[in-house]
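Undergrad: From TrEMBL, for reference:
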DOMAIN    B:17-214  domain 'Glutamine amidotransferase'
ACT_SITE  B:93  active site, nucleophile
ACT_SITE  B:199  active site
ACT_SITE  B:201  active site
């Protein structure tokens, strides 16, 4: 057998609450990240990702408390991203119970941060997150560009080249979030996954665009090791089990 | 075992120490062991580590850094003495790797505790780290993994592993293997010494099964 394709629900957390409405299961408090995390664990999620969407300094203490309480209530790996600027931030999150940390903007500004984190904690803790959009013609060699500010601001950085470099610098995993596909429910950006798979040997997580169970197997066929989604799970449009059934049906191993 | 049944009858939970030598997500191990029925203490205190019914040696990150932490605490002899005296020790992830004679990372060879024969080297796989839930091949006599369903999976996250089960088997160990492009040692049981390359504390119900099995024989 081989390693199973991971199905990862992602929770956007702001000031200790899940934002982007959540409407699945019959929860007493659908906005509580801890309660949702436990429900996804119960539903067979292979991993969980928390994204601290504001990541202001005021919010950090609240986020740490959420991480701590979540880590108390689940027995699967937890990744936390958002607002990580330095090695000390990683240390704080790991001590609070995170297993991996997602780094995005700070690594674009200062790529050495990747090696610093990998050297201190091992590359397995570091998920490099890329918010990617199709670039204007002639902007980048691959046709994909890294963005910041939720996809609104281009960086001119070639997304495929950045993914390759990040893996070389010590990123243990790449989270490809397609800003073009995000929220469209038209399927993952398969060209992006294929292009990054061709240049990086670390695990790749596909994100952005999932609308139906049938959208997931092509992402894996294109080279993704894991699939991440938010709204389709939160709104109860899809269950983790349905995604796994679709993957299994396409011949991919699942837990 | 007499002590097991006596303890179970008395409703006494086995006392487990998770060795805190500066590595890892110790709270996860603590919680998972408590859920499995142990009375858990996370400590750097070597007297407590020596006295516990079971000692867990965790570890994440670099082999050399973990060995440096164990050496700084002078915990190596305590671990070795426990094993020599037949007292249970469970190594997890890099905490398993340090039980071997050596570990090689980035071309640097670090001396291990030498309680298991052989070494730990980079997995001969293209896709690294090996990250995610994988199945394992369990020898029939395994106590640690008894009752595991055929499709049971554990959460792995590592780039290095022991890859020579023959030496372990020759030394009397039960070896559980897993495959990520290539076969490697996923778990070892030899007398009081148990070890897992994967993370039982992060492996949901299958992880709980392993921990309960381990606690049952303390």
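Every residue, even glycine, has its Cβ placed from backbone N, Cα and C.
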Undergrad: Restricting to the same chain and to sequence separations of six or more, state which residues have a Cβ under 8 Å from that of residue B:199 (active site).
TA: B:28, B:92, B:93, B:154, B:155, B:156, B:157, B:207
Undergrad: As a test of the contact definition, list every same-chain residue at least 6 positions from residue B:201 (active site) whose Cβ is closer than 8 Å to its Cβ.
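TA: Residue B:201 (active site) has long-range Cβ partners B:25, B:28, B:29, B:31, B:32, B:33, B:92, B:207, B:211.
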Undergrad: Looking only at the domain 'Glutamine amidotransferase' (B:17-214), what is the mean pLDDT?
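TA: Value for the domain 'Glutamine amidotransferase' (B:17-214), mean pLDDT as a whole number: 96.
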Undergrad: Validating a neighbour-count step here. Other CB atoms within 10 A of the CB of residue B:93 (active site, nucleophile): how many?
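TA: A 10 Å sphere around the Cβ of residue B:93 (active site, nucleophile) contains 28 other Cβ atoms.
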